[in-house]
Amino acid sequence: MKIHRTGLFLILIIIYSRLFSTFANVANDLHFAFLENLKEQLTLPMSWSARGAVGLGEYAVFVLWNWPLNYLFGVLGGLGLPYTLLIKCLGFGLFIIVAVWSISRILEYLNISEFGRLIGILFYLSNSYILLLLDGGQLNLALAYSLLPLTFLLYKKGEETKSLKGSILFAISTIVLSIFDIRILYLLALLIFLNFLVTLFLKPNSIKDIIGSNLKMALLSGAIFVGFHAYWIIPSLFARAPSLPTSYGRVFQVDLLSFASLGHSLTLLQPHWYRNVFGKITELKLEFMLIPLLVLLAPIFRRKDKNIAFWLIVLVVGIFMIKGANPPLPQVYPWLFTHMPGLSFFRDPTKFFFLVALSYSVLIGITVDEVSQRLSILKIKSGFLKSYILNPKTFVFLLAVYFLLLVRPIWLGQMTGTFSPPIYQNEYEEINSLVEKDSSFGRVFWIPTKAPLGYSSFKHPSVEASRLVEKRPFAIGTVGTYEIFNYLREAPFMGELFDVAGIRYIVYPYPDTRREELKQDNIDYYYAFLDQLSNLPWVESRVSDPPVPLLKVKEAQDHFFITNNTYLVIGSDKIYNDLARIEGFKLSNNALIFAEEQPAVGNTCKDRPCTVILYDKNEIDYAATFIDKSNFIFPAGQLEFSPSANSGSSGWWKRETLDLLWWRNFLQEKYGIDNQDFDFGGGWAVAEGDKQLTINDKKFTKDNKLLARLMLSNRGGRMNFFQGDQEVGEIDTRIEEPEKVEIKLTGYAEIPDQIFEYDESEVRWFEIGNLVSDQHITIKAEGEINVVNSLVSLPQAEFDRLRSLVYKDNIIHWESLGNDAKNELVRVESSPQVSYQRINPTHYKVSIEKIASPVTLAFSETYDPLWEITNIETGQKNTSYPLYSLINGFYVDKDGEYEIYFSPQKYVYPGLAISGMTVFGIIALLYYSRKRQQ
């Protein structure tokens, strides 16, 4: 037995030795952590985080399940242990130890013999899925993978023994699994559910006992889980529930991320093996075909084994789920994704390889067990064949060699992540040193994404071009959909946005040639784009050259800065283009609040000094910005992304707020029109041609005033609104002579600049008429394209009240201002001073002096209304409002000391107390169960 274990140890060394080499283990999902980063993790759970590539910050409650592991790294980092040592020991070393122990225990539980266990362990630790998971740096997932077999085994033992200790051990294992990656609890729950069904089927006379024991375990483990994770569950309940990005719930995400075919699932071939380049799918390989054959031998050898039946069911479910939206039955997974709670965590269905790898390891172990037994009793005359060929040891040796050959890119040094030395290490060390020495606050902007060796700290957070293109003020600068980062070059206001976003550096690394096969065109474009960036008027200098060029921006505001002028803009953010033409204009001196970005933003300037700019809008558009969100009816909410086949909405389809790039390009390419209006966060309902849409809503009340926000263009026509047979009103949506919009796309090399001309469209609010009943509304659209953003039904008195609010403010019609008036409007007369102290990511103290009149305090973190400002002297508290569709703004009318606080954090502390009590409770229960056994 010792010799066999030594053999397994040597094979694992061959596979994993490169993880323990002297180079830094980094990958796309595993970035190098500097000592500063490690020490930052030595803190209580923080509900707001700007770590990693999220340098503008985000609500972080839902990723706090990982806090205990991060805290452990922080403690060890605080003791001076380097990241490279920690990641090798607490990361890869822990993974190997736990995985070997975990899978060996479940194989032993299933009475699989020594040879079967050795091969089962080897397969579990050497298949293409787990190795690519490690190479890609998804270490948390890998740790969860290592623990899953043991957690399921503890469930089985707890179910069998029905003991308190067994239930507690299972609960503890579940907690540790959730700390590694909470999503894998879903897979554990699936395993338990399948086991529950199989057990009920096999023991129909024990249904009551089976249900009872499972219910007790579920209640105890659930209570312990909730208690332990109370530090993030309580903020989720009382502040804001965590949510995935809107696009994560879309069915097309499944189509986009369904990389594995049925063949990949059956052969356990990770579809990106081995270069791990997103979207580049590996073709099926003949040498992997032996794996499913080995698995299929298990039920042939042990036809009456009930355990095999269970693992075959797990296998079939896993294989079917892995292929996602691919054939056969491609419609099943998308349907489950839409209707099964929690499955939105599995946009990428390859995580179901967890189930296949576990079941394959068990079934291959059984196959090896059976083959070994048969070979050991095989009677043949030839001593040579018996001793060296047809014996269990040779069979096991050949299988081990086979598994090694399957993963040969590992030991041949062909991987592109943690198993290989990082590229350009010396160059990154040079620019990291330059940035680190800069003591002033300034973000680092990475194109397209942050490099794993890139420097990051709380003074120099990292932001990514690929993330910022999804944010409104950057997206509007993008021309077309092919070259999505051209907003850096094309938008005349981009330098001003970088200034208010506090971006001081730009890094544009040369592509990784291990992962990308560059053509000459790609190389030419890289250098051309780099030169274009270097020559932008708002870029100060190129500090370093390729392969890791570092550019320094001329101006970047501090984390907090004062904007003297505050404007509420009714209209689109095309105003940025106009403002950029004003000589000496500084966006950092002028706070822009876009009132049509979300409902009721108009109330931001209510009872506060504020200048209102009507930008190609009228007073009705302004009045609508006071309407509460509860009164809005967004027709897009009842539509699909493809033209509907339903009788009440036939032919209508929608696009949502985050589809800005696609939507704008669609209008330009198909209809030759351009539109940059906001949608109040409700999307667009679209009719191409003559279509009819029925809208049901309880807000439709007889005699109420009906308002509609519609798009006008030279491709429009007419929209009629009916209740039953009675017409409520009609709007002409066609513009006969629209203004022209010119958009430039800069060329490079031999490609000249291009000027695209489009007809301008606009979106306006209209008074449709008074409702004649409480019935549904039918919209009849005529024309090439008609678009509805929102409907509102208000009592006449409420509508009159909203209109009366308009005339209480200082209103400026932008189009009526001359150049001198515009210059005067944005002129700054005073320069208040601001200083601040960072307590933690959720808490700052700010001191403001020399305020002559009310100002906006800008805070360059992602806008979130849960940020609050409190005057320390008076205790007066206000929430933030959105500046530039990007960051936070706070109203300040006098000098003083202020606290900036992210309000969900106050719920973390009582939750953490509950978590601590839960830990003590677990210890007490274990002690009690042990005493009772004695």
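Glycine is treated like the rest: Cβ placed from N, Cα and C.
For 6-27, 85-103, 115-132, 138-155, 167-198, 218-239, 308-329, 349-368, 389-411, 907-928, the entry in TrEMBL reads transmembrane segment.
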*Which one, 308-329, 349-368, 907-928, has the most C-beta pairs under 8 Å toward the transmembrane segment (218-239)?*
907-928
_Which range wins on Cβ pairs under 8 Å with the transmembrane segment (389-411): 6-27, 115-132, 167-198, 308-329, 907-928?_
115-132
*Which residues of the same chain, at least 6 past either end of the transmembrane segment (308-329), have a Cβ under 8 Å from a Cβ in it?*
190-191, 194-195, 198, 254-255, 257-262, 264-266, 295, 298-299, 302, 346, 349-350, 352-356, 358-360, 362-363, 366
*Counting only residues 6+ away from its ends, which parts of the chain sit with a Cβ under 8 Å from the transmembrane segment (138-155)?*
29-30, 66, 69, 87, 91-92, 94-96, 98-99, 101-103, 105-106, 109, 124, 130, 166, 169-170, 173-174, 176-177, 180-181, 184, 187-188, 191-192, 195, 217, 351, 354, 357-358
